[in-house]
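Below is one structure, written out as structure tokens; comments come after it.
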Amino acid sequence: MFRFAFRPYRRRFRQPLATSQGRWLHREGIIVRLSDGDRVGWGDIAPLPRFGSETLAEAIAFCRSVGDRLDVAAIALIPPALPSCQFACDSALAELTAASGTLDVAMPNSTYSYLLPAGAAALRAWQTGWGMGMRTFKWKVGAGDISDELVLFEQLSKELPAGVCLRLDANGGLDVAAARAWLAAADRAGNVEFFEQPLPPNCLEEMQQLDEQFLTAIALDESVATLGRLRACWDAGWRGEFVVKAAIAGSPTQVERFCQENAIAPVFSSVFETEVGRRAALRLASAVSGTQRAVGFGVRHWFADDPPVAEWFDRAASGLGSGR
């Protein structure tokens with residue numbers, strides 16, 4: 001039986017994050033702490049309900065229901081409807097029970113995909129990522145007029161140095177006609193690694209057809225946001241690219257098992273979690289997919305700072321309650 005405590009947090013983006021689904025101004029979540037004497041394990045509940053996770057309110061209600069004690073059996077029984085809570089508590093348990101330092105994952109900047117801002121700002125921003133050693137870039141599309149974005153894309157793809165990979169992400173915000181236009185443009189450019197989630201999750205058949213019709217691969221993202229969704233798409237026959245957001249996928253142990261049993265090597269990606277969640281997500285990415293492909297965690301520049309976990313715990317938002 002471990003002592004359990006939690007603190008909600010709220011982080012403001014340096015600038016609004018524009019996607020096809022709207023603008024994102026701040027990131028909210030919960031830091032959880034498991035302790036047993038001098039041993040401590042940290043977890044990050046970073047829900048993203050638009051992708052199919054629980055809401056922040058549901059996560060807080062779960063944390064309050066736990067009280068001040070949590071054991072291994074109770075962690076295993078966290079329901080699939082709370083995937084971010086599963087991820088955080090499972091990660092905290094792994095950290096608490098591991099030997100010191102054995103869970104650290106070090107990756108060079110070249111193994112991260114650097115997230116560019118939407119629109120024309122990407123034409124300047126990629127140079128910062130390049131200077132940091134990033135060689136894979138991700139660009140959100142569908143946030144503006146498609147004609148304007150396609151012109152910007154052509155300019156961006158020509159400006160990027162040889163050997164650089166570009167990933168496009170529509171966050172499920174396009175229709176079939178727009179997806180075809182983007183895929184045709186990506187085929188002409190020749191430097192797009194894949195196109196993430198061009199259509200909504202309920203359009204799996206249409207995305208399968210597009211994946212067969214164009215050279216540029218389609219990667220499922222929102223469609224496979226949770227382990228349940230990942231299983232469903234696998235069972236439905238999808239054998240293309242998978243982008244998995246570890247912090248909302250569910251139990252890292254279960255995600256790792258499913259991927260290994262089915263020889264799936266997804267690209268793991270961030271949901272703008274804190275360093276606590278990032279560390280746990282990178283452990284999962286390393287265990288499942290290794291470091292052969294860039295992981296989608298080049299997002300630190302979107303926040304002013306990323307303080308140590310203990311500092312987050314101390315300065316987290318007040319008034320939302322905490323376990324003791």
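Count begins at 1; order follows the chain as displayed.
Backbone N, Cα and C atoms are what each Cβ position is placed from, and that goes for glycine too.
Please treat TrEMBL annotations as automatic predictions, because they have not gone through curation.
Binding site for Mg(2+) per TrEMBL: ASP169, ASP221, plus GLU196 from the candidate set GLU193, GLU196, GLU256, GLU261. When the CA atoms are compared, the binding-site residues lying within 10 A of LYS140 (active site, proton donor) are ASP169, GLU196, out of the candidates ASP169, GLU196, ASP221.
Taken residue by residue with DSSP, LYS245 (active site, proton acceptor) is part of a strand. Residue pair ASP169 (Mg(2+) binding site) / LYS245 (active site, proton acceptor) shows a Cα separation of 14 Å. Calculated from their C-alpha atoms, the gap between GLU196 (Mg(2+) binding site) and LYS245 (active site, proton acceptor) amounts to 12 Å.
Around ASP221 (Mg(2+) binding site), the same-chain residues six or more apart in sequence whose CB sits under 8 Å from its CB are ASP169, ASN171, GLY172, GLU196, GLN197, VAL243, LYS245, SER269, listed in sequence order.
The DSSP secondary structure for ASP169 (Mg(2+) binding site) is strand.
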